[in-house]
Amino acid sequence: MTERSLVLIKPDGFARGLTGAVLERIERKGYRLAALSVLTPTREMLAEHYAEHDGKPFYEPLVAFMSSGPVTAVVIEGEQCIAGFRSLAGATDPTKAAPGSIRGDFGRDWGNPVQENIVHGSDSPQSAAREIAIWFPGLG
Ligand code: IDP
(Lines of atoms letter the chains of each structure in order from A and count residues from 1; the text may use other names and numbers.)
(Lines give C-alpha, C1' and ligand atoms only; values in the text may rest on other atoms or scores of the structure.)
Protein backbone atom coordinates (compact mmCIF):
# COMPACT_ATOMS: atom_id res chain seq x y z
CA MET A 1 0.00 0.00 0.00
CA THR A 2 1.36 3.41 -0.93
CA GLU A 3 1.76 5.53 2.16
CA ARG A 4 3.13 8.88 3.19
CA SER A 5 5.32 9.48 6.20
CA LEU A 6 6.64 12.61 7.86
CA VAL A 7 10.40 12.55 8.25
CA LEU A 8 12.33 15.19 10.18
CA ILE A 9 16.06 15.66 10.05
CA LYS A 10 16.47 17.08 13.53
CA PRO A 11 18.67 20.10 14.44
CA ASP A 12 21.65 17.84 15.24
CA GLY A 13 21.44 16.09 11.87
CA PHE A 14 20.97 19.40 10.05
CA ALA A 15 23.89 21.08 11.88
CA ARG A 16 26.16 18.10 11.23
CA GLY A 17 25.49 18.24 7.49
CA LEU A 18 23.69 14.89 7.40
CA THR A 19 20.63 16.05 5.44
CA GLY A 20 22.04 14.83 2.12
CA ALA A 21 23.08 11.45 3.54
CA VAL A 22 19.61 10.88 5.01
CA LEU A 23 17.85 11.94 1.79
CA GLU A 24 20.15 9.68 -0.21
CA ARG A 25 19.16 6.66 1.89
CA ILE A 26 15.48 7.53 1.48
CA GLU A 27 15.84 7.77 -2.29
CA ARG A 28 18.02 4.66 -2.56
CA LYS A 29 15.28 2.74 -0.76
CA GLY A 30 12.91 3.81 -3.54
CA TYR A 31 10.78 6.30 -1.65
CA ARG A 32 9.76 9.51 -3.37
CA LEU A 33 10.06 13.00 -1.92
CA ALA A 34 6.60 14.58 -1.96
CA ALA A 35 7.46 17.78 -0.06
CA LEU A 36 10.54 19.26 1.58
CA SER A 37 11.08 22.32 3.73
CA VAL A 38 13.86 23.76 5.88
CA LEU A 39 12.51 25.63 8.89
CA THR A 40 13.08 26.30 12.56
CA PRO A 41 9.93 24.95 14.22
CA THR A 42 7.99 26.99 16.77
CA ARG A 43 7.26 25.66 20.23
CA GLU A 44 3.57 25.59 19.25
CA MET A 45 4.26 23.25 16.33
CA LEU A 46 6.39 21.03 18.54
CA ALA A 47 3.76 20.94 21.29
CA GLU A 48 1.36 19.53 18.71
CA HIS A 49 3.91 17.21 17.16
CA TYR A 50 5.03 15.77 20.52
CA ALA A 51 1.65 15.96 22.30
CA GLU A 52 1.82 12.29 23.30
CA HIS A 53 5.03 12.95 25.25
CA ASP A 54 3.74 16.00 27.18
CA GLY A 55 4.49 15.54 30.88
CA LYS A 56 7.34 13.06 30.39
CA PRO A 57 10.73 14.02 31.85
CA PHE A 58 12.34 14.38 28.42
CA TYR A 59 9.52 16.52 26.95
CA GLU A 60 10.77 20.05 27.80
CA PRO A 61 14.41 19.38 26.85
CA LEU A 62 13.17 17.76 23.64
CA VAL A 63 11.05 20.77 22.66
CA ALA A 64 13.96 23.13 23.50
CA PHE A 65 16.35 21.05 21.41
CA MET A 66 13.97 20.72 18.47
CA SER A 67 13.37 24.50 18.36
CA SER A 68 17.09 25.30 18.69
CA GLY A 69 17.78 25.49 14.95
CA PRO A 70 16.72 24.49 11.47
CA VAL A 71 15.29 21.10 10.69
CA THR A 72 14.54 19.57 7.30
CA ALA A 73 10.95 18.35 7.15
CA VAL A 74 10.19 15.86 4.39
CA VAL A 75 7.08 14.03 3.27
CA ILE A 76 8.12 10.73 1.77
CA GLU A 77 5.90 8.47 -0.28
CA GLY A 78 6.10 4.79 -1.16
CA GLU A 79 4.96 1.25 -0.46
CA GLN A 80 5.04 0.65 3.32
CA CYS A 81 7.28 3.69 3.78
CA ILE A 82 6.10 4.27 7.37
CA ALA A 83 7.53 1.01 8.73
CA GLY A 84 10.26 1.05 6.10
CA PHE A 85 11.61 4.42 7.13
CA ARG A 86 11.56 3.43 10.81
CA SER A 87 13.76 0.46 9.83
CA LEU A 88 16.10 2.81 7.99
CA ALA A 89 16.17 5.09 11.07
CA GLY A 90 16.93 2.31 13.56
CA ALA A 91 16.20 2.09 17.28
CA THR A 92 15.45 5.31 19.20
CA ASP A 93 18.69 4.96 21.18
CA PRO A 94 21.59 5.31 18.70
CA THR A 95 23.84 3.21 20.94
CA LYS A 96 21.44 0.30 20.43
CA ALA A 97 20.51 1.05 16.81
CA ALA A 98 21.79 -1.53 14.34
CA PRO A 99 24.79 -0.68 12.19
CA GLY A 100 23.53 0.20 8.72
CA SER A 101 20.66 2.25 10.11
CA ILE A 102 20.78 6.05 10.15
CA ARG A 103 20.94 6.24 13.94
CA GLY A 104 23.29 3.23 14.14
CA ASP A 105 25.73 4.73 11.65
CA PHE A 106 25.50 8.44 12.47
CA GLY A 107 24.12 8.65 16.03
CA ARG A 108 26.44 9.62 18.82
CA ASP A 109 27.06 7.56 21.93
CA TRP A 110 27.82 10.57 24.16
CA GLY A 111 26.01 13.74 25.25
CA ASN A 112 22.26 13.21 25.00
CA PRO A 113 22.19 10.58 22.22
CA VAL A 114 18.58 9.46 22.66
CA GLN A 115 17.32 13.02 22.30
CA GLU A 116 19.72 13.98 19.51
CA ASN A 117 19.07 10.94 17.35
CA ILE A 118 19.15 12.68 13.95
CA VAL A 119 15.76 11.78 12.52
CA HIS A 120 12.06 11.41 13.24
CA GLY A 121 9.70 9.18 11.30
CA SER A 122 5.94 8.77 11.75
CA ASP A 123 4.94 5.54 13.49
CA SER A 124 1.49 4.87 11.95
CA PRO A 125 -0.77 6.11 9.14
CA GLN A 126 -2.76 8.10 11.72
CA SER A 127 0.39 9.76 13.07
CA ALA A 128 1.61 10.47 9.55
CA ALA A 129 -1.62 12.26 8.59
CA ARG A 130 -1.63 14.24 11.84
CA GLU A 131 2.06 15.20 11.57
CA ILE A 132 1.96 16.10 7.86
CA ALA A 133 -0.88 18.54 8.63
CA ILE A 134 1.33 20.22 11.28
CA TRP A 135 4.46 20.57 9.12
CA PHE A 136 2.82 21.04 5.71
CA PRO A 137 -0.58 22.65 6.34
CA GLY A 138 -1.13 23.25 2.62
CA LEU A 139 -0.51 19.68 1.52
CA GLY A 140 -3.65 17.75 0.67
P1 IDP B 1 10.97 7.52 18.05
O2 IDP B 1 11.49 8.86 17.56
O3 IDP B 1 12.01 6.45 17.82
O4 IDP B 1 9.62 7.18 17.50
P5 IDP B 1 9.68 8.15 20.61
O6 IDP B 1 9.63 7.19 21.76
O7 IDP B 1 8.42 8.44 19.88
O8 IDP B 1 10.84 7.62 19.63
O9 IDP B 1 10.28 9.50 21.18
C10 IDP B 1 10.27 10.66 20.40
C11 IDP B 1 11.61 11.36 20.55
O12 IDP B 1 11.75 11.79 21.90
C13 IDP B 1 12.84 10.48 20.31
O14 IDP B 1 13.18 10.35 18.94
C15 IDP B 1 13.90 11.21 21.09
O16 IDP B 1 14.38 12.34 20.37
C17 IDP B 1 13.11 11.70 22.30
N18 IDP B 1 13.19 10.77 23.42
C19 IDP B 1 12.48 9.64 23.63
N20 IDP B 1 12.82 9.03 24.78
C21 IDP B 1 13.79 9.81 25.33
C22 IDP B 1 14.57 9.72 26.53
O23 IDP B 1 14.43 8.79 27.33
N24 IDP B 1 15.49 10.71 26.74
C25 IDP B 1 15.67 11.74 25.88
N26 IDP B 1 14.95 11.87 24.74
C27 IDP B 1 14.03 10.92 24.47
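Any Cβ shown, glycine's included, is placed from N, Cα and C.
No curator has checked TrEMBL annotations; they are predicted automatically.
TrEMBL lists H120 with the feature active site, pros-phosphohistidine intermediate. The Cβ neighbour count for H120 (active site, pros-phosphohistidine intermediate), using a 10 Å radius and every protein chain shown, is 22. According to DSSP, H120 (active site, pros-phosphohistidine intermediate) is assigned to a strand segment.
F58 (ATP binding site) falls outside any helix or strand according to DSSP and counts as coil. Sequence-distant contacts of F58 (ATP binding site), defined by Cβ-Cβ distance under 8 angstroms and a gap of at least six in the same chain, are V114, Q115. Here TrEMBL flags K10, F58, R86, T92, R103, N117 as ATP binding site.
Confidence across the domain 'Nucleoside diphosphate kinase-like' (2-140), taken as the mean pLDDT and rounded to a whole number, stands at 97. According to TrEMBL, the domain 'Nucleoside diphosphate kinase-like' annotation covers 2-140.
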### Summary
Note: among binding-site residues R86, R103, least Cβ-dense neighbourhood at 10 Å is R86
### Task
Determine, from DSSP, whether R86 (ATP binding site) sits in helix, strand or coil.
helix
### Message
If the criterion is a C-beta within less than 6 angstroms of any ligand 1 atom, which of the binding-site residues K10, F58, R103, N117 pass it? List them in sequence order.
### Response
F58, N117
### Task
Please report the number of other Cβ atoms within 10 Å of the Cβ of N117 (ATP binding site).
24
